[in-house]
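Colleague: Input: one structure, supplied below.
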Amino acid sequence: MKVISLFILVGFIGEFQSFSSASSPVNCQWDFYAPWSECNGCTKTQTRRRSVAVYGQYGGQPCVGNAFETQSCEPTRGCPTEEGCGERFRCFSGQCISKSLVCNGDSDCDEDSADEDRCEDSERRPSCDIDKPPPNIELTGNGYNELTGQFRNRVINTKSFGGQCRKVFSGDGKDFYRLSGNVLSYTFQVKINNDFNYEFYNSTWSYVKHTSTEHTSSSRKRSFFRSSSSSSRSYTSHTNEIHKGKSYQLLVVENTVEVAQFINNNPEFLQLAEPFWKELSHLPSLYDYSAYRRLIDQYGTHYLQSGSLGGEYRVLFYVDSEKLKQNDFNSVEEKKCKSSGWHFVVKFSSHGCKELENALKAASGTQNNVLRGEPFIRGGGAGFISGLSYLELDNPAGNKRRYSAWAESVTNLPQVIKQKLTPLYELVKEVPCASVKKLYLKWALEEYLDEFDPCHCRPCQNGGLATVEGTHCLCHCKPYTFGAACEQGVLVGNQAGGVDGGWSCWSSWSPCVQGKKTRSRECNNPPPSGGGRSCVGETTESTQCEDEELEHLRLLEPHCFPLSLVPTEFCPSPPALKDGFVQDEGTMFPVGKNVVYTCNEGYSLIGNPVARCGEDLRWLVGEMHCQKIACVLPVLMDGIQSHPQKPFYTVGEKVTVSCSGGMSLEGPSAFLCGSSLKWSPEMKNARCVQKENPLTQAVPKCQRWEKLQNSRCVCKMPYECGPSLDVCAQDERSKRILPLTVCKMHVLHCQGRNYTLTGRDSCTLPASAEKACGACPLWGKCDAESSKCVCREASECEEEGFSICVEVNGKEQTMSECEAGALRCRGQSISVTSIRPCAAETQ
């Protein structure tokens, strides 16, 4: 349990009375409806949507009615799900699956079981002796809206086994279960945390700041409030109501219970849930935000990459600030309670936290010392939730009983917790114009994030924080201020003083001038005043008028864009490729359409991957074949665990092994998949032995791109890199050129990823923005007069970073990152030719 730090500053020197005037309520207003969408050939309906013109605020009326309207229509295009599947099997729904899954005893067609409907007994080839999936496995396939914290409809078909027979054993249930083909890993491991996490926040403003979610887009970085509870809407509404009358502080009590852990497969190997696949098929191939926004409403913004099944306990207790102050609770900062002595749920120490105990009893406002809060519970029986909404300060045993009863119910009624997410657009595949629709869904997600940007809100008074909740804006107030606009109360200590500036929303894009368009925003929502800080960021932004990715897709899938002539002639399905398949195959192949082949995991494509539908209605296919390039893990000895866990490993990929259950590894811990498709060194040389006394073990010295974990060096993650020199690099597998840093390239090489340096002009490197002191890179130093970072001289380098090979004036030489960065900073043209010293490349 964390050590509790209570920043409840009541005994401050000087209070500043807030003389703000009350803000008039602002009623929500709808904008006009957008035009009707194209008529859907499958549902014979069209939709239109209206956005919010004015968000309700300060207690004003909400918008009434639905944002969407739907009407019947006569389509001018057919339904894509009625087309054939070429060499693949067509389910009744129109979804296509591999013919190898037909008559295998499993219902791989999600909703209709068409693949098993007409199979004779003699044709059936059962692929496994059991078909019982792990309990609650269907939860791992749900979509998730990261802004609302709510799970949405199913996007992954968790019922399909993919023709595989992978089993997992539950020690608790003493039974074997069969894993879905979409699950990479599933582990039954019960984890019960007996240490509760207690946190105090001196205002809802502090709490919202702490729990905000930061979203990074192509244009800017934005922060939005997101409750981790599925009841986030009721939480924020209640918070707004409760702060109209007085100031509250928050005590947050949290804990989790885990019963299983899962990792889903990579997106290209996931089978989509049939309803989700249908919705993707119905999406228009021309960008229409209304249609794509409707998909986000139904299925969320992300899908689950991994997570745990279990329960999450989280209760917010509101404590009256004035009552805490009246009880002279002003020295908690100096008398922090120790984590071993302060437990509301399990026990209550009689010493060390007496001031806190007395203050909370007084602030509870009840005779029986019951502190009531708002529970946000995920998982477990619904009948236990009411018992978790309060704490009896004099009866910790009773608190424990109620919590334990709920925790036991989690085993049978778990929910997904501790989830890691991947954007939903990564699942756009196996439908016509999939690449175009994937790009459009990314655009729609950007617009969706814009709807939750606080720039739509009017300023809160006294430095309050505005957040968007549906069609309303809410104000979260700083300590000792309250009201619908935070207009009442007092600002305390260093909270008092000036008002920080806030950004307005971006303007519309300007007309194109010389191939570029611009937009702007102002720091006037509110403007800085009284010595407050100005906004951080740029006031203008420019970009190319034509999206480069969209232009590329026009060449790759011209039939997905308006043409002067509508294609009337089509090629048959592309020819099959052994050990490979067509990416985003679709169902229609008009003249001029290109398709791209790729190989199954563990194979690499040799030759030209692009085939084209010719005017003679025949496919123009070059020489190509799939060559095996992967290693497979052997059966490991008991107790040995491998990371990462994958069905196949390509040449150059690295696997690390470790021991569980108090054992230590004897032998090598890292193995490389060699060009002969064998592991080097041999994995049979690794085994687990009884762990020695950790006091006698030497601490290994890790490389700069490694970190110490469990007494051994493991690869860092790219985001763990500090400031490092920017370079352009190409992913040798996808051939995509990305902006990276020297440190990130070392980390990716450590993880077995193959990246090579390219010229600086081959990608767009981050602009060298002017930085304040405290954020200077290796090659920068602080200028005391301007309080800004300026370029170092190469001779002034202190922390040098990595040694790299740099070409300067046509000659290669080894220098540190700091020295190279100093030259680039001063405008000299340099080229990084290797992320290692020059001599290391020639050896």
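Quick reminder: no glycine exception, Cβ is built from N, Cα and C everywhere.
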Colleague: If you check Swiss-Prot for C-linked glycosylation site, which of W506, W679, W705 comes up?
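Modeller: According to Swiss-Prot, the C-linked glycosylation site annotation belongs to W506.
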Colleague: So, in Swiss-Prot, which cysteine from C743, C750, C825, C838 is disulfide-paired with C791?
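Modeller: Disulfide mapping in Swiss-Prot sends C791 to C825.
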Colleague: Quick one: which of C673, C743, C750, C763 does Swiss-Prot link to C715 by a disulfide?
Modeller: C750
Colleague: Which of C728, C789, C797 is the other half of the disulfide bond that Swiss-Prot records for C763?
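Modeller: Record-based pairing for C763: C728.
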Colleague: Round to a whole number and give the Cα-to-Cα distance in Å for the pair C713 (disulfide bond) and C477 (disulfide bond).
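Modeller: Between the Cα atoms of C713 (disulfide bond) and C477 (disulfide bond), the distance comes to 45 Å.
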Colleague: Return only the integer: C-alpha distance in Å from C119 (disulfide bond) to C477 (disulfide bond).
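Modeller: Counting only the Cα atoms, the answer is 66 Å.
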Colleague: Among C763, C818, all listed as disulfide-bonded residues, which has the most CB atoms within 10 Å of its CB?
Modeller: C818
Colleague: Write down the Cα-Cα distance for C486 (disulfide bond) and C460 (disulfide bond), rounded and given in Å.
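Modeller: With distance taken Cα to Cα, C486 (disulfide bond) is 6 Å from C460 (disulfide bond).
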Colleague: What kind of secondary structure is C702 (disulfide bond) part of, going by DSSP in three states?
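Modeller: Note: C702 (disulfide bond) is coil by DSSP, not helix or strand.
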Colleague: If you count other CB atoms within 10 A of each CB, which of C103, C477, C659, C702 wins among these disulfide-bonded residues?
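Modeller: Of C103, C477, C659, C702, the one with the most crowded Cβ is C477.
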Colleague: Residues sitting near the compositional bias 'Acidic residues' (108-120): Cβ under 8 Å, six or more positions beyond its termini, same chain?
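Modeller: Counting only partners 6 or more residues beyond its ends, the compositional bias 'Acidic residues' (108-120) has Cβ contacts under 8 Å with 89-93, 95, 97, 101-102, 157, 159-163, 271, 273-275.
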Colleague: C-alpha of C702 (disulfide bond) to C-alpha of C659 (disulfide bond): distance in Å?
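Modeller: Rounded to a whole number, the Cα-Cα distance is 20 Å.
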